[in-house]
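The structure appears below as structure tokens.
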Amino acid sequence: MGRLVGLSLLGIALALLGERLLALRNRLKASREVESVDLPNCHLIKGIEAGADDIDILPNGLAFLSVGLKCPGLHSFSPDKPGGILMMDLKKENPRALELRISRGFNLASFNPHGISTFIDNDDTVYLFVVNHPEFKNTVEIFKFEEEENSLLHLKTIKHELLPSVNDIIAVGPAHFYATNDHYFSDPFLKYLETYLNLHWANVVYYSPNEVKVVAEGFDAANGINISPDKKYIYVADILAHEIHVLERHPNMNLTQLKVLKLDTLVDNLSIDPSSGDILVGCHPNGQKLFIYDPNNPPSSEVLRIQNILSEKPTVTTVYANNGSVLQGSSVASVYDRKLLIGTLYHRALYCEL
């Protein structure tokens with residue numbers, strides 16, 4: 001009888017594991033392939049060889065690029081080189097990517113930048129917020145951008161128990177932001193377990209010097225985050241659920257969900273087209289290729305444009321798609337004055353004139 005019970009429990013456990021594995025493959029879109037959608041007038045950006053995971057562009061055309069991200073278990077083309085912040089002046093005819101100097105005292109050797117966001121204060125001071133993973137830990141770094149010197153002055157490092165697995169950030173003040181946690185746990189093994197079991201424990205946190213709180217939760221893996229041009233709504237990408245959530249902001253900085261847009265791809269970072277308010281999304285058509293890297297079958301890239309997301313039927317169009325022959329693992333797309341930048345998780349970056 002004891003053996004029978006043991007066998008029954010083993011059978012149930014194996015069935016559960018099999019079901020979870022199949023569900024994970026579906027969440028990763030493990031069988032999906034893309035047909036190429038090419039853009040004219042594109043070239044790879046010189047000097048970016050190991051990813052430009054996130055991009056943020058100022059109203060004056062200065063673009064910041066977060067480069068060199070490394071994550072446990074994720075492929076890297078430059079595993080021993082620290083990350084950095086690059087800048088491109090998109091007002092110039094042939095913009096180049098230049099690395100910004102960072103002030104003394106900041107630990108450059110362990111710099112591992114992830115999501116970024118800019119904030120312009122009333123006195124025109126530009127702050128750059130950077131999600132950082134020094135030694136695979138989680139911090140948010142606040143810098144002041146000094147344009148004349150092409151440098152960043154480090155102002156503050158933020159650590160908090162409610163920021164255990166920070167992915168992306170949107171600044172809403174000089175020391176105020178919303179941030180996504182893509183996992184509830186910070187430990188790598190517990191992260192894998194959380195993903196495998198599909199616990200939906202990821203969340204969005206609001207941070208200010210006076211208050212830190214969870215303002216939205218229940219995500220599979222909260223990833224990219226951005227804000228509407230009128231500042232009324234927060235957009236959150238749930239990468240493994242293939243969804244973009246629209247959340248309404250309240251005066252107390254809390255968020256309530258307004259709607260969810262379902263897509264057929266893994267949605268990463270979100271950018272806003274300043275001329276239209278459209279959302280540009282860097283996407284991963286096949287997440288399994290992204291996480292299990294094979295140079296002979298590399299991860300593909302996809303960029304979507306979402307128009308009128310608040311309407312009953314938003315328009316979703318494919319701006320760019322590639323099977324990995326040119327660009328592998330697109331994570332972000334940002335536009336300024338018909339100039340498009342497409343970054344990747346760990347590969348190259350593309351500059352296109354539309």
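The chain as shown is numbered from 1 upward.
Cβ atoms here come from the backbone N, Cα and C positions, even for glycine.
As annotated by TrEMBL, active site, proton acceptor applies to HIS114. The Cβ of HIS114 (active site, proton acceptor) lies under 8 Å from the Cβ of ASP53, ASP54, SER66, LEU69, VAL130, VAL131, ASN132, HIS133, VAL166, ASN167, ASP168, each on the same chain and at least six residues away in sequence.
As annotated by TrEMBL, Ca(2+) 1 binding site applies to ASP53, ILE116, ASN167, ASP168, ASN223, ASP268, ASN269.
As annotated by TrEMBL, Ca(2+) 2 binding site applies to ASP54.
Per TrEMBL, signal peptide is recorded for 1-23.
Other Cβ atoms within 10 Å of the Cβ of ASP268 (Ca(2+) 1 binding site), summed over all protein chains shown, number 28. Note: the Ca(2+) 1 site is recorded as ASP53, ILE116, ASN167, ASP168, ASN223, ASP268, ASN269; in the same chain, ASP54, HIS114, GLY115, VAL131, THR180, GLY224, ILE225, ALA237, SER331, VAL332 also have Cβ atoms within 8 Å of that site's Cβ centroid.
All chains included, 29 other C-beta atoms sit within 10 angstroms of the C-beta of ASP53 (Ca(2+) 1 binding site).
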